Amino acid sequence: MNVQATFARESSQPRTYPVDDSSADVKSVVKHGLGMGDADPKADAKQDGFTTSMPKKSVLVRRKSRQEEQVATESFIKNMAGATSVRKHLKDDSSDLHLQNKFNKQEFFTSLVYETLPPVILSPLFAVFMEGPERAYHLVNHRLFLPVDKSYQKDNPGLIVFWWIVFIPILHLVQFSVWSCFFYSSDLGIDIWEGILAFFTFVCRNMILSIKYAYYSDEELEGVRQPAPEWTDAHQTRKLIGAGWRFPLEHQGLVEEELKLAQELIDVHLGAPSFKLENVEAAQFLRNFDCHEDFKADNGHNEDDEVSAAFIVHQFVRKCFGNEIPFGFNAKIANFAPLVTALIPNLLRLSSGQWAFGETHWQKSVHAGLFVSRFFFFAQLFLFGYIAVHDFMRRKHTMKLLGRMTTFPGVRLDEFLTRKESKGEKKDAEIAKVKEKEKAKKELEAKKKGTDINSSEKVYAAPDDPKKDDNPADPAALEEGDLPPIRSMQTSLDSPDISGLRVYIDLREGANAFSWVLARRAVKAFGSGYYSRIQAYIGVLFLWSVFAMISLNGLFWSSQKHSVNTIYYLCIVVFTITVCVLTAVGEATKLQEMVTLHRMILKNEIFAIDQTLSDNALHEENVKKGLRSATKKFAPSLDERLNNDDGMKGPPSSTISMKGPPAQLPLLSPFRKNTPKPQTFQELTDTSLKLEHSKRVLKTADDLIGYQEEIHMPVNVMGVHATNGVYNTTIGILLTLAVLAVEGFSSGGLKYDAQGWATYEQF
């Protein structure tokens, strides 16, 4: 689908919902909820500074909210079934919605060649050959193969200077060192296998970069080949795993954009379905919680004890994906392993009495280039692997929260309501804080003077209001001691009044089960573009480990001349990368296991409902028997009917008292606490109908989750389904290669001289 992006701040005007059943309004609410505004992109560009004028509109980034785009009809909000068929409601406009991006093999191999060829010289020439002069000029400037035009990097003007002074010389030094190893290894006294491993590390790094472009949409790929500002450094940064997806809350609106995109991919609208909470006080707090205007708990038509599914999902993903990466074992590997692995060959040479970087200037240049290549490229590989592990972990945590909210006592509010603000939100918060302080200062001055500030108080506009004061006072100039504390909904989470509030939903409410399944599907599709890339990155790391182990076997079994320094270096790096790969595979397997746990929750609810229905059926039969016996007992005779205006004696059948103690509802009945025990036939019938409806929804939800996440789209890693078998296979392949290498070392008569070079008996 096409991407017409507009980085724009959204309006903070409250949403309104007039009752109108027109199809135009239905389209409007669906498009607004998914971020598809009808605003003119050129007009937005003039006001907000970023536009990609491509063939079709996009929901990848936010655009200006307009009042007519905020119109939602009561019929659509209340019709939750319509939330699962957005394209049907949009009809002709559904072509603007996104579809899942597929892996573009042609773009992958083209980008791999671009990244592997030396920049400034060969890479731009190949771009001219592939794209043509005009498109190649835009491409090499956007992707920094030959950055000569400052207009392409307006967001980060210092990047071009850094690229020319630091990055481009490093790449040329690395290429010089690698090719020198291939052609002059014997003259330099350098192990050619050290150069081979460095070059393959360089290729793996380029494969990761190429995978990023292979998962771009057609319009994004076209934007990279268009003049500025069709594609900017800000947009590029948001698409990076190590920058944008590593800290999504640090990039304004990235979480909201990806959540809207997730709704498009699964063809749902989370603004319509709502969760009915058991705790009304918690529901009221959430409905008043200060959050993003497109993901509010109060959608305008749900009840006081209900919160929208959009709000719950938005808060869950912000909490789980916005947390800082913990500095654990994997983080230590990502931060310290590149430097350690880069220094290993040099330190080993130094320990054997040789110069760490060689003796001649040529040797020093080559060894310096190899050192830089090891440090620079492994730093990127380890970073990508670590972020992949962290992404699997935060997805698993989000799924755990969804499961816990369906089991008593539920999830505490402080476990999912977000405290951390993004940079863009902080800017608005700072403006609002300044204005609140100004207002508080005026109130304090008026109080000292004994005047009423309301009679002459200036009306302060919202941060996004065009009438706002453009020159607010400096917060530092205000007297902090004289101002009352600023209260906000974010800090109110620490209030003892809400410390015990939890979110718990009963899946035996059919609407709750329906909303829960849609919320779960949205979480599954959240950040799908990044998710697909991360799964492929783990495969690239595993490929490096396999290649390294095959190289090790080749050294031992073919009696190749090599240095012992290369062997130590290779084994340490393989171990480090293998730990990262196995950790990622393990986390992916745990994420897939959440499917089984959630299906078990649904099956338990279905089992409990079956028992409740069975008990209710028996109770209904008892009521019927009591009704027939009572009717026979109190049936009036013909004379009584002629002489009695009421027509019959005895109590009416609708209030018949049964002999013996009344039948009890089972303890698992969801109606035991909130409704009286059903004593009449009508009450039992209503209860059974509700439970039958909930059971149908739960069974359908179970089948849907089972098919979609166990057969159609399970969690993948390295291109295969994430199961315990993948973990065992990964270990088995590497251990097999390691055993073969040990066998080759033992049977080859291998020895090393004083300088660490290999010697064989046949030499």
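Just so it is clear, glycine is given a Cβ too, placed from its N, Cα and C backbone atoms.
Automatic prediction, not curation, is the source of TrEMBL annotations.
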Select from 427-454, 623-650, 651-678 the stretch of residues annotated by TrEMBL as coiled coil. 427-454
Would you report the average pLDDT that the model assigns to the coiled coil (427-454)? 64
Is the transmembrane segment (368-389) close to the transmembrane segment (567-585), in the sense of at least 3 CB pairs under 8 angstroms with a sequence gap of 6 or more? yes
Spatial neighbours of the transmembrane segment (192-215) not adjacent in sequence (6+ beyond its ends, CB under 8 Å) are 101, 103-105, 107-109, 111-112, 115-116, 174, 177-178, 180-182, 185, 221, 224, 239-241, 345, 370, 373-374, 377-378, 380-381, 384, 529, 532-533, 536-537, 540-541, 543-544, 547-548, 551, 555, 560, 562-563, 565-566, 569-570
